[in-house]
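Take a look at the structure set out below.
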Amino acid sequence: MEGGWPLMRSFFLCLTVSLLLQGRGDSFTINCSGFDQNGVDPAAFQAVFDRKAFRPVINYSIPTHVNISFTLSAILEVNAQLQLLTSFLWMDLVWDNPFINWNPKECVDINKLTISAEKLWLPDIFIMESMDVDQTPPGLTVYVNSEGRIKYDKPMRVTSICNLDIFYFPFDQQNCTFTFSSFLYTVDSMVLGMDKEVWEITDTSRNIIQTQGEWELLGINKATPKMLVGSNLYDQIMFYVAIRRRPTLYVINLLVPSGFLVAIDTLSFYLPAESGNRAPFKITLLLGYNVFLLMMNDLLPASGTPLISVYFALCLSLMVVSLMETIFITYLLQLATSEPPPMPQWLHSLLLHCTNPRKCCSTASQEGNKVLGVTPTQLPDLKEPVELVGKMPSSGEAELNGCPESTRAQQEHEVQKQHLVGLWVQFSHMMDTLLFRLYLLFLASSIVTVVVLWNT
Ligand SMILES: *[C@@H]1O[C@H](CO)[C@@H](O)[C@H](O)[C@H]1NC(C)=O
Ligand SMILES: *[C@@H]1O[C@H](CO)[C@@H](O)[C@H](O)[C@H]1NC(C)=O
Ligand SMILES: *[C@@H]1O[C@H](CO)[C@@H](O)[C@H](O)[C@H]1NC(C)=O
Ligand SMILES: *[C@@H]1O[C@H](CO)[C@@H](O)[C@H](O)[C@H]1NC(C)=O
């Protein structure tokens with residue numbers, strides 16, 4: 001304690017002299033006599049601590065070189081709505097302080113020391129994208145080696161702004177930037193550099209990130225453009241951090257159930273249209289799908305229009321379209337069985353052509369037989385036509401028994417009507433098949449489109 005004042009005075013004398021005499025680094029050698037008895041003498045470093053307020057250089061026209069590196073230790077959250085990435089970094093800064101210098105041989109072989117960071121000048125490096133105040137924990141220390149090289153590591157929770165594009169959700173990749181720059185010092189005073197390669201940073205980060213969370217680190221790139229603000233040029237280092245979402249959760253919870261529901265909806269076309277089960281079934285599916293969408297809404301990004309929303313809308317519209325088709329076919333069948341309107345000639349020939357192209361050609365000569373010939377062969381699998389076929393012999397019997405004219409005409413009318421019903425039923429089934437094929441085509445093309453979009 002008593003030796004403190006003379007020591008300091010001699011040190012300051014030493015400083016002034018050395019500054020006058022060209023300011024060589026050697027003059028700032030720390031006197032460590034007594035380190036072996038009393039530990040590190042704070043007085044020996046007092047001169048350095050007193051300079052804390054100023055950038056530690058001997059010649060002020062020489063910029064301070066600061067080497068930057070970082071380790072990404074966690075990706076905590078990606079918020080698409082606010083466009084924020086919350087991550088945890090360990091930032092490493094290395095620079096030289098020419099006022100710290102000692103000879104390890106004289107100083108009981110001490111090669112490096114830890115010093116409280118608050119006692120020293122620290123470069124004001126910050127991350128430009130950061131949208132939160134620096135939450136550096138207090139009481140950090142730095143390593144100083146005997147040549148005055150200072151190594152300062154600080155943990156940082158960084159909430160940085162990042163241009164998030166969720167169009168490809170859940171198969172999306174994001175490219176977020178961390179721009180390290182000095183807040184105040186221009187290139188004349190501070191130059192940034194790196195002592196590690198980017199791949200080293202990437203490898204360390206990959207090993208450190210233990211969490212198997214939603215995001216996976218793909219790679220880190222860097223660029224070093226200088227930033228011009230007004231007439232001041234600032235040095236900066238930009239790191240592009242590419243991260244990818246792990247999509248399994250979303251595939252299992254969103255895409256697969258949705259796909260299954262559409263598949264069931266497609267299969268329900270095989271339910272017979274006459275049974276009347278098809279429409280209720282499809283309505284139930286539609287309801288179920290709506291409930292599913294409501295429940296899974298939380299998993300979707302809160303903003304933007306990702307492709308997955310388009311996919312859901314597509315699934316929903318496919319279901320609605322298939323329900324509409326069912327309603328149309330049910331209406332047609334109802335119309336056909338209750339009050340069949342006269343069938344236009346063109347529709348009739350089209351029907352014949354489409355249902356039985358070969359037969360219609362071979363029997364074209366026998367007009368009368370053709371009409372009757374088609375009906376029984378085409379209709380056995382249908383409900384009403386079966387009844388119709390059953391009725392026909394009975395009407396034939398009645399004819400043989402020699403009924404009066406009016407009954408005969410009535411019967412003929414009845415036969416013709418049944419025939420018309422048969423034709424309309426046949427037409428309805430044809431429409432059903434045709435629309436089902438169109439639906440399948442639409443389904444296939446939309447699946448292909450979505451898959452192609454997702455892969456680009
Ligand atoms: C170092 O300090 C001691 C006293 O603590 C003093 O006796 C010695 O002369 C100093 N050495 C130098 C090189 O200034
Ligand atoms: C400081 O550095 C500048 C540029 O390197 C040089 O021109 C100047 O002479 C130096 N001044 C002193 C006192 O060494
Ligand atoms: C910074 O890194 C460069 C390149 O690795 C190295 O030459 C230089 O000495 C380092 N400077 C500091 C202050 O660490
Ligand atoms: C990230 O974006 C920057 C430009 O903004 C680009 O140079 C870099 O290559 C991108 N990185 C990846 C992995 O896409």
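Counting starts with 1 at the first residue shown.
Any Cβ shown, glycine's included, is placed from N, Cα and C.
The model shown is predicted, which means the values in this text are computed figures rather than measured ones.
Record features (TrEMBL):
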DOMAIN    52-247  domain 'Neurotransmitter-gated ion-channel ligand-binding'
DOMAIN    254-389  domain 'Neurotransmitter-gated ion-channel transmembrane'
SIGNAL    1-27  signal peptide
TRANSMEM  249-271  transmembrane segment
TRANSMEM  283-302  transmembrane segment
TRANSMEM  308-333  transmembrane segment
TRANSMEM  434-454  transmembrane segment
Going along the chain, which residues at least six beyond the ends of the transmembrane segment (434-454) come within the CB cut-off of under 8 Å?
168, 171, 262, 266, 269, 307, 310-311, 314, 318, 321-322, 325, 328-329
Let me spell it out: take the transmembrane segment (308-333), skip the flanking residues so only those 6+ beyond its ends count, and list any with a Cβ under 8 Å from a Cβ in it.
169-170, 250, 254-255, 258-259, 261-262, 265-266, 268-269, 273-274, 276, 278-279, 282-283, 285-286, 289-290, 293, 300, 424-425, 427-428, 431-432, 435-436, 439, 442-443, 446, 450
Report, as numbers and ranges, every residue of the chain located at least six residues beyond the transmembrane segment (283-302) whose Cβ falls under 8 Å of a Cβ in that stretch; write 'none' if there are none.
80-81, 166, 169, 249-250, 253-254, 257-258, 261, 264-265, 268, 308-309, 312, 315-316, 319-320, 323
Average pLDDT across the domain 'Neurotransmitter-gated ion-channel ligand-binding' (52-247), rounded to a whole number:
92
